[in-house]
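Undergrad: Pasting a structure here, questions to come.
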Amino acid sequence: MALIAGPTASGKSALAVALAKALGNGTVVNADASQVYADLAILSARPTDDEMQGVPHRLFGHVDGSQAHNAARWADEAQGVIAQAHAAGRVPILVGGTGLYLRTLLYGIAPVPEIDPHIREAVRALPVAQAHAALAEADPAAAARLGPADTTRVARALEVVRSTGRTLASWQQAREGGIADRVALAPLVLLPPRDWLRDRCDVRLVEMFDGGAIDEVEALLARGLDPDLPVMRAIGVPQIAAFLDGTASRDEALAAAQAATRQYAKRQFTWFRHQPPASWPRHIESLSIDIIDNLAIKLRETVLTR
């Protein structure tokens, strides 16, 4: 199984298709949290039919926006798709930038029990400093690792230890359901120059705005979905919604979406630089057509020798 990971706009999709064609029997499997949604074809940069070039693509646009997809559900789906590809004599090529999805598929998920809703509500109501102080008392190691400003992770660690009596780290050591030890993996992480990546993000947002993203969000808003659903919080949706309701100009909405995309790409870049195993190859150059073809050839050889 091949795996191509990296931040948004780094060229993963084009490389995945090139690899699939070089192999002759590749199937591209989506590992991006936004690209699962049917409602976000444009804003998620889901590959078009032309970009797919006849290569089979799986787990793209198969989830309705009214549903809240998650890593555990995606990993279950991905395991099924991977098994189907292998049974058909094809090579699955995982491609995406959602690190949590990839980590859950490969290494499993921590079997943390459901959190007591009263504990969750109490934890989420704590002021930032107080929450971090409480975590320092209940789980010193987590508090030392997480800064007070990392409010989401602080709250998660605190609610887990309060609700279960065990630290989140101890639960994570008991991960179950991963496939890393059952597949021969050929990974590649794309970490192109930051300036090149930022420019790509900005240009792509312009193309999205000019290519139907506004109509896409207008249709999404017309559904009257819960604003807390992931599809409603996807990058570009709130910004375009502000333009549509008159609280922002088109240029302001575009600039805000570009800024949000750059920030997201920066977080992804940092995650993929540090979190995957050191043995995973990193490609640190920008991607051109020639480089994509060369990478596909090299990755093909890696796949075939695993």
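Cβ coordinates are placed from backbone N, Cα and C, and glycine is handled just like the others.
Features from Swiss-Prot:
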type    : residues                                           : note
BINDING : GLY6, PRO7, THR8, ALA9, SER10, GLY11, LYS12, SER13 : ATP binding site
BINDING : THR8, ALA9, SER10, GLY11, LYS12, SER13             : substrate binding site
SITE    : THR98                                              : site 'Interaction with substrate tRNA'
SITE    : ARG120                                             : site 'Interaction with substrate tRNA'
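Have a look at these and tell me how they're positioned relative to everything else.
TA: Listed in sequence order, LEU190, PRO192, LEU287, ILE292 are the same-chain residues at least 6 apart in sequence whose CB falls under 8 Å from the CB of GLY11 (ATP binding site).
GLY11 (ATP binding site) falls outside any helix or strand according to DSSP and counts as coil.
There are 21 other Cβ atoms within 10 Å of the Cβ belonging to THR98 (site 'Interaction with substrate tRNA'). Taken residue by residue with DSSP, THR98 (site 'Interaction with substrate tRNA') is part of neither helix nor strand, so it is coil.
ARG120 (site 'Interaction with substrate tRNA') has a Cβ environment of 18 other Cβ atoms inside 10 Å.
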Undergrad: Express the distance between the Cα positions of PRO7 (ATP binding site) and THR98 (site 'Interaction with substrate tRNA') as a whole number of Å.
TA: 8
Undergrad: Measuring Cα to Cα, how far is GLY6 (ATP binding site) from THR98 (site 'Interaction with substrate tRNA') in Å?
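TA: Given the Cα positions, GLY6 (ATP binding site) is 8 Å from THR98 (site 'Interaction with substrate tRNA').
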Undergrad: Between the Cα atoms of ALA9 (ATP binding site) and ARG120 (site 'Interaction with substrate tRNA'), find the distance and write it as a whole number of Å.
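TA: Checking the Cα atoms of ALA9 (ATP binding site) and ARG120 (site 'Interaction with substrate tRNA') gives a distance of 36 Å.
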Undergrad: Does DSSP give GLY6 (ATP binding site) helix, strand or coil?
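TA: The residue in question, GLY6 (ATP binding site), is coil (DSSP, three-state).
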Undergrad: How far is it from THR8 (ATP binding site) to ARG120 (site 'Interaction with substrate tRNA'), counting Cα to Cα, in Å?
TA: 32
Undergrad: Could you tell me the C-alpha distance between LYS12 (ATP binding site) and ARG120 (site 'Interaction with substrate tRNA') in angstrom, no decimals?
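TA: Cα to Cα, LYS12 (ATP binding site) and ARG120 (site 'Interaction with substrate tRNA') are separated by 37 Å.
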Undergrad: Measuring CB to CB from SER10 (ATP binding site), give everything in the same chain under 8 Å that is also at least six residues away in sequence.
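TA: Residues satisfying the criterion: GLY97, LEU190, LEU191, PRO192, LEU197, ARG200, ALA265, LEU287.
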